[in-house]
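Below you'll find the structure, written out as structure tokens, and then a few comments.
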Amino acid sequence: MSTKYIFVTGGVVSSIGKGIVAASLGRLLKNRGLKVTIQKFDPYINIDPGTMSPYQHGEVFVTDDGAETDLDLGHYERFIDINLNKYSNVTTGKIYSEVLRKERKGEYLGATVQVIPHITDALKDKIKRAARTTDSDVIITEVGGTVGDIESLPFLEALRQMKADVGADNVMYIHTTLLPYLKAAGEMKTKPTQHSVKELRGLGIQPNMLVIRTEQPVGQNIKNKLAQFCDVAPEAVIESLDVEHLYQIPLNLQAQKMDQIVCDHLKLDVPVADMTEWSAMVEKVMNLKKQVHIALVGKYVELPDAYISVVEALKHAGYANNAEVKIDWIDANRVTAENVAELLGSADGIIVPGGFGQRGTEGKIQAIRYAREQDVPMLGICLGMQLTCVEFARHVLELADANSAELNPDTPYPIIDLMRDQIDVEDLGGTLRLGLYPSKLKHGSKAAAAYDHQEVVQRRHRHRYEFNNDFREQFEAAGFVFSGVSPDNRLVEIVEIPENKFFVACQYHPELSSRPNRPEGLYTAFITAAVEKSSER
């Protein structure tokens, strides 16, 4: 069977939910027995989002092979339950860098290097390579931004050319737009969608399907009007209504036969998607019996997208405990020794996620100290793990000026230090310890119990600093347990205090491996402990 290519574009406004639509379609096609992969095209000129501010971009999602990517890849993995790779996120910066590198090597044999064909050919190669490396039946490619953006033009031209390259029966274009509702007029307005499609058609792409984002149900008259003016079949105008839970969306799209229309267009003769297990999960999610309050003490809490995988992993762990997770967003900059009890006193659990830089770290340390001394379940992630060690050094080992060398290079007690292979690294981008690495678990520890007593787990990392092993014996003598280490025993991966209900922190990012139907072990154990604390109130 020829590989099938589905392209998802957006119009009218950005952040319209293209990624969720693409991920939902991927889940439906996977449940039809097709092997699906998915990728995101980001038209910005950065090589990757690794050095971008979370306020600009949100979370950086890390793949198994160490690519720093767009947060939409997290949605893709969670919805479709697949592990993506470096070919799943392509930026303008990455493409231009590769083309210019080839030009410097003389690989274009003296030709004038141009957007067409050199940039568009490089983009098409990324699409085909993503499908080829995963041996997929279907590849879904989402283009970031909106039609009409200057940055998107080479990407859309590459998508247009794909139809001629692989054949019309193997390509489908899906356009996602906003259908605004004017309260004063009491009606929905189709004109923005019409203009968006007109713009897309002006670039040579005729959409085969429209997905309409809306707050209000769309009547058949509106669908017929859009079908007429945008030249698509009325049944191919799909409503994407706002929902209470994201995981309802695949079921809503299936109810409108979206996946069947896609299969018919691409001439895919495959069974109907069996969504029984997914439906049962959604039913459970919408009828959770308990509630638990988790304080998330972070640096970027004004933008929840900066912690989107953390939030989803907490929710998944809540599902496993039949509990709705309510998140209290605590700005780490506000936390002091004087107000920590007031800010965190109502929390059933405290999570301290990753981050970079000095700002907010002292507040996080106060939150960690409160969790340790008051025996509140606590989970530290990445920088949260490093600060857990710093807090213990300061307040238990009484090393008053202990710190991380990242935060204070002159500290007399560098509990956290630069990794040896990072000493001579000058570039910030793409140089962290990235991707999947193993952690050997200590028998009888809470970490081992969280992972069903496995000897080794593999999780994704994104860091440059590590625990300084010169202090390991001193920590262990005071009851601090290093419950996860690298197989060569050089790198500390997980730490815990066994006397507490749940006081565990890890260097890696467990949230990147969580799925709604298969929650991550440490998160599940953390929420279990938080639910128990909640029941004691």
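Cβ atoms are placed via backbone N, Cα and C, with glycine included.
Annotation source Swiss-Prot lists active site, nucleophile at Cys382. Shown in sequence order, Pro353, Gly354, Gly355, Arg462, His463, Cys506, Gln507, Tyr508, His509 are the residues of the chain, 6+ apart in sequence, with a C-beta less than 8 angstroms from the C-beta of Cys382 (active site, nucleophile).
DSSP classifies His509 (active site) as coil under the three-state reduction. Every protein chain considered, the tally of other Cβ atoms within 10 Å of the Cβ of His509 (active site) stands at 25. Under the heading active site, Swiss-Prot lists His509 (among others), citing sequence analysis as support.
Just so you know, the Cβ of Glu511 (active site) picks up 29 other Cβ atoms within 10 Å once every protein chain is counted. Per Swiss-Prot, active site is recorded for Glu511 (among others), and the stated evidence type is sequence analysis.
Cβ neighbour count for Lys191 (UTP binding site) (all protein chains, 10 Å cutoff from its Cβ): 10. Under the heading UTP binding site, Swiss-Prot lists Ser14, Lys189, Thr190, Lys191, Pro192, Thr193, Gln194, Lys225.
In the three-state DSSP classification, Asp72 (ATP binding site) falls within a helix. Counted within 10 Å of its Cβ, the other Cβ atoms near Asp72 (ATP binding site) come to 24, all protein chains included. According to Swiss-Prot, the feature ATP binding site maps to Ser15, Ile16, Gly17, Lys18, Gly19, Ile20, Asp72, an assignment based on sequence analysis.
For 1-268, the entry in Swiss-Prot reads region 'Amidoligase domain'.
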**Q.** Per-residue Cβ crowding (10 Å cut-off), top of binding-site residues Ser14, Ser15, Gln194
**A.** Gln194
Q. What is the nearest of the binding-site residues Ser14, Lys18, Lys189, Thr190, Thr193 to Glu511 (active site), using the Cα of each?
A. Lys18
Q) C-alpha of Gln194 (UTP binding site) to C-alpha of Ile16 (ATP binding site): distance in Å? A) 16
Q: Determine which residues of the same chain, besides Ser15, Ile16, Gly17, Lys18, Gly19, Ile20, Asp72, have their CB within 8 A of the center of the CB atoms at the recorded ATP site, and list them by sequence.
A: Gly10, Val21, Ala22, His75, Glu142, Thr176
Q.
Most Cβ neighbours within 10 Å: which of the binding-site residues Lys18, Lys189, Lys225 is it?
A. Lys18
Q.
Please report the Cα separation of Lys225 (UTP binding site) and Ile16 (ATP binding site) in Å, rounded to an integer.
A. 21
Q.
Quick check for the class: what is the C-alpha distance, in angstrom and rounded, between Ile20 (ATP binding site) and Thr190 (UTP binding site)?
A. 22
**Q.** Inter-residue C-alpha distance, Pro192 (UTP binding site) and Gly19 (ATP binding site) (nearest angstrom)
**A.** 20
